[in-house]
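To start, the structure under review is shown below, and the notes come after it.
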Amino acid sequence: MEVQLVTEAGPRGGIKLAQHVIGMFDSGVGGLTVMKEIVTQLPDVQIIYFGDTARVPYGNRSREELIHFGEEIISFLIEQGAEAIVVACNTSSANAVPVLREQFNLPLIGTIEPGAKAAIQATATGNIGLIATEATVRSKAYSSAVRRILSKRRGGHAIELVKAQACPLFVPLVEAGLSHSPEARGIARTYLAPIQEAQVDALILGCTHYPFLAPVIQEILGEEIILVDPAQAMTEELKEVLKQLEYNRESGQETHKAPGHHRFFVSGDPVLFERVGNTLLPGQIHDVNQVNWNR
Ligand code: DGL
């Protein structure tokens, strides 16, 4: 079946891809950088967002903990009506998504493959860099994905992830609403020095919190280094998932649901989430619900 994608322009004789409910999660506000890209390109999709702010940061968690958190949150999002899940967290994507995909019978979109593909496209010299959490760097998920993608291709020049740098203080700064502070700038200079030395020409922002700091990072590195945010490539993957959901619906496997408003849930402080979230998506984060896991 031919499915046409319909966005702001409205139906063009195709099937409207608007009425789907997508669950998203992150340790905190970081996943909102992915949500921003999704709602820009697919304005009618309904998002149910979960920020695990009581357990942020994820960056120093073990693989077992990350799998356990993912299981809890995805189950919750399914209860709320999610038809597919966007894991808007690199740390969970790198450490938990392969296991979670085996456990849940719905599409899971992670950050790693889309981010690696986007970086391969962006680099001209073949030298890719990565900044991410400790747990993402430790997993080596990005370098494995770059190798896996390249192994399916022939020819071309050598492309490699030449430097991976953990930036553990970035997430607490972003969560506290301090992305534009002098402290953030000073810490960024320290973290980015090894990246500058490695002479990369494309840098993966391998944590969804980091686009909050993109202006600072770009200013320190200079305009000639391309910052690769996986969010855009993740949205392309989501479009494919939506086509499949539409197909399932059309073949009678599901009933139509009315589109609704985005909904926000957190495990920690809803007020702080709303305040910091609205700096990125002005006026769009409201009525944030606090979820108590010991329900
Ligand atoms: N934003 C998340 C990521 O992309 C989690 C960061 C953290 O909580 O340490 O990795």
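Just so you know, glycine gets a Cβ as well, placed from its N, Cα and C.
No curator has checked TrEMBL annotations; they are predicted automatically.
The feature substrate binding site is assigned by TrEMBL to Asp26, Ser27, Tyr58, Gly59, Asn90, Thr91, Thr208, His209. Cβ neighbour count for Thr91 (substrate binding site) (all protein chains, 10 Å cutoff from its Cβ): 33.
Taking the Cβ of Cys89 (active site, proton donor/acceptor) as reference, residues of its chain lying under 8 Å away and at least six apart in sequence are, in sequence order, Phe25, Asp26, Ser27, Gly30, Gly31, Tyr58, Thr111, Thr208. If you look up TrEMBL, you'll see Cys89 (among others) marked as active site, proton donor/acceptor.
Cys207 (active site, proton donor/acceptor) counts 32 other C-beta atoms within 10 Å of its own C-beta, drawing on all protein chains shown. Sequence annotations record features per position, and here TrEMBL assigns active site, proton donor/acceptor to Cys207 (among others).
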